[in-house]
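Colleague: Quick paste from TrEMBL:
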- 13-34: transmembrane segment (TRANSMEM)
- 46-71: transmembrane segment (TRANSMEM)
- 77-94: transmembrane segment (TRANSMEM)
- 106-128: transmembrane segment (TRANSMEM)
- 148-171: transmembrane segment (TRANSMEM)
- 244-262: transmembrane segment (TRANSMEM)
- 268-290: transmembrane segment (TRANSMEM)
- 311-334: transmembrane segment (TRANSMEM)
- 346-365: transmembrane segment (TRANSMEM)
């Protein structure tokens, strides 16, 4: 989030920082719920969802304590057992996916709404990315970082979303799958798919449950940095303390949310995606148009000096003005805007486009009165 100070300003960046903290917390809650459900399904219910959630959260916390070098090593390997699990699951259950029961065709509005939700999950990585890439060698071409990040998100998300959609459509026609998926228990569905493999299937289920630590641990690591940007005076506090605080918040909310608020959390994270889209628009316009893609224009010596940073008025103003188009385009359980009733959820797309269009002239006005890039 420190990079955002060069567009949002020293004080203005506190707003996206608090939104980022809320998004990371919700993201961790969803992952802990899924991991806890999956662990519980292996024990046939003797291990409760609550205990499973605690196990996932503690494992993730321990991994986050190890620092970026261990996190990098862990992330390089964590996808391998997950791939094995999905290959085995397809091998065991693929026969049920050949002739699924007929499903109601999705409308264009439903497709747009789903795409907006998925994009909202992914784009929230943008405020976190520089927390990790700052440690990479400056000699690495930027196009490589871009390509690796793009493929790293798209390949697993597209394939797993397609697999998940196929399995959920087929589940009602497979008794064991349908029973495992009762009450939206995704972990139970995975365990049911791997049941024919016996003990090996249970082992694979445990592996995929623990794999969510690959999502939670880096988020806990980045949580510390966002918190210190939100409250700069807290920089004297050891970063691991913020990870402990985040875990203490995530565990009880995950336990409560696993039974009552799962849909609410999902829609909450969809809402978080709207601000992240606006944030991404500001960062991209600032870098490619205002600074003409010149990394040397970021005066690193002033990263912590409010006097030599932008006011943030343009970034905050553009984001607020964009809300005028975003709100009518939202399609969530708790609110459906007048535009969204016809088009589906296009709030994500409009947040990006409108913020970019508003930010450019506002930033030039800001530069005219305060010539600080």
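Every residue gets a Cβ built from N, Cα and C, even glycine.
Provide an account of the burial state, proximal residues and distances for the features listed.
Modeller: If you look at the transmembrane segment (46-71), the same-chain residues 6 or more away from its ends with a CB under 8 A from one of its CBs are 28, 31-33, 35-40, 132, 135, 209-210, 212-213, 216-218, 220-221, 240, 243-244, 247, 250-251, 254-255, 258-259.
Sequence-remote contacts of a segment are chain residues at least 6 beyond its ends whose Cβ falls under 8 Å from one of its Cβ atoms, and for the transmembrane segment (77-94) they are 156, 160, 163, 167, 174, 177, 190, 193-194, 196-197, 201, 204-205, 207-208, 211, 213-214.
Under 8 Å from some Cβ of the transmembrane segment (148-171) lie the Cβ atoms of residues 79, 86, 90, 93, 96-97, 100-101, 103, 118, 122, 125, 129, 177-178, 181, 189, 193, all in the same chain and six or more residues away from its ends.
Counting same-chain residues at least six beyond the ends of the transmembrane segment (311-334), those with a Cβ under 8 angstroms from any Cβ of the stretch are 7-13, 15, 109, 113, 116, 263-264, 267, 270-271, 274-275, 278-279, 281-282, 286, 340-341, 343-347, 350-351, 354-356, 358-359, 362-363, 365-366, 370.
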Colleague: Short question: most Cβ pairs under 8 Å with the transmembrane segment (268-290), which of 13-34, 106-128, 244-262, 346-365?
Modeller: 346-365
Colleague: Which sequence positions outside the transmembrane segment (13-34), separated from its termini by at least 6 residues, show Cβ-Cβ distances below 8 Å to it?
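Modeller: Distant contacts of the transmembrane segment (13-34): 1, 4-5, 49, 53, 56-57, 60, 121, 124, 127-128, 186-187, 212, 215-216, 219-220, 222-223, 226-227, 229-230, 246, 249-251, 253-254, 257-258, 262, 265-266, 268-269, 272, 275-276, 279, 312, 316.
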Colleague: Would you mind listing the long-range same-chain contacts of the transmembrane segment (346-365), meaning Cβ under 8 Å and 6+ residues beyond its ends?
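Modeller: Apart from its flanks, the transmembrane segment (346-365) reaches 7, 112, 116, 119-120, 123, 273-275, 277-278, 280-282, 284-286, 289-290, 310, 313-315, 317-319, 321-322, 324-327, 329-331, 337, 339-340.
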